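Taken from TrEMBL as is:
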SIGNAL    1-25  signal peptide
DOMAIN    48-161  domain 'DOMON'
DOMAIN    168-367  domain 'Cytochrome b561'
BINDING   His207, His243, His276, His312  heme b binding site
TRANSMEM  208-226  transmembrane segment
TRANSMEM  238-259  transmembrane segment
TRANSMEM  279-296  transmembrane segment
TRANSMEM  308-331  transmembrane segment
TRANSMEM  343-367  transmembrane segment
Amino acid sequence: MVSNTRLLAFCCLFLSFLLSFSAQAQDCNSETFSSNKLYSTCNSLSDLASTIHWTYHSTNGTVDVAYRITESSSNWVSWAINPTSTGMVGADAFLAYHDSAGTVQIITSQLSSYAPTIANGSLAFTVYEMSADYSNGAYTIYATLQLPNNSTTQNTVWQRGSSFSNGLPSGHPNTNTGSQNINLNFLSGQSVSSGSGSSRLHRKNVHGVLNAISWGVLLPLGVIIARYMKVFKSMDPAWFYLHITCQCSGYILGVAGWGLGLKLGSESKGITYHSHRNLGIALFVFATLQVFALLLRPHKTNKYRFYWNIYHHSVGYSVILLSIINIFKGFDILEPEKKWKHAYIGIIATLGVLAVLLEAATWAIVLRRRSEEKSHHGANGTNGYGERSQQFA
């Protein structure tokens, strides 16, 4: 009973550790800038792992801005103000990128459509200074500008991408998360989502978290419990209930994440992540078959139990493999901060190492039992017809 309690506590701590990652938030106040530039106010932007810092000058209606985003040096980033709307179309943008010589460049461009031709040009408002740098894996765009219409409340937009045309940034790929935007008050510091982009990204994040926890953690953990814990006699029948708990809760959360994914897909007109979608459907089908298989599980003495075991194990391991593959495809689509992907890799690696150690330990236990039973049978003259040794599954 004590060992069972410890295992349950370990599982709870493990899941609590995983969920704690989602509570982390980026702190903009600790960031520093080149030339020891200081800003009076900052906001952490959860979308695309970025922050915005600024100082508003009420005497002349200008603002000093520093926009920072974690991004690969091979990609481009942009920050913009849209004086007339809430999205990308009509925005006046600052774009930073590395040229062919590896030097950071910054240009300004008006975005007149969803597929604009980027060209360096003037904006609808006055820009007094602008520059950009790249350090520690992040771009920073600096600008001093006149706020449009002398209004302290502006629709701000930001984006990143990897496509270039004639050496200049081009449209972002379909695998990106779309332009992010907020309605920012440069005087009070308050910000409000100015469109559906943030809500949609939030649902994408929920979809990713649900599927990573369910298909990517709970189901593999349930398999480890079933394969290795049953060898320990003190774990019987606790291992079975732990296994069912992990698999059923994983299935329920997974179906919720799968349904949300279908909803997001139906809302993405013209954008379909075919492989991610098809793998998700296959996972749902296989996992549902596993649930129904439990209802048809033969008794241990039934002659069909051997074939049922083959089916159950093969489908189960297939689900685990496809789950991990699809989760990484999801990372590529959502493009979160690298720490989330690294955290999941660490969790999977930990489960893998745990499985290897338990594989060695349980085989040692099984082989020792077989040796002891063989010695016991030989001493009683059973000639090998005594009680069957416990099989390892």
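Using N, Cα and C of the backbone, Cβ positions are placed for all residues, glycine too.
Structure with TrEMBL features highlighted.
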residue	record	Cβ within 10 Å
His207	heme b binding site	22
His243	heme b binding site	20
His276	heme b binding site	19
His312	heme b binding site	17
Point to revise | Pairwise C-alpha maximum, in angstrom, for the residues (His207, His243, His276, His312) that bind heme b according to the record | key: 27
**Study point:** Criterion met for the transmembrane segment (308-331) and the transmembrane segment (238-259) (at least three Cβ pairs under 8 Å)
**Key:** no
Study note, to complete from the structure: Taking every residue in the domain 'Cytochrome b561' (168-367), the average pLDDT works out to 81
Exercise for review: For His207 (heme b binding site), name the DSSP secondary structure in the helix/strand/coil scheme.
Suggested key: helix
**Study point:** Residue distribution over DSSP helix, strand and coil in the domain 'DOMON' (48-161)
**Key:** 3 helix, 67 strand, 44 coil
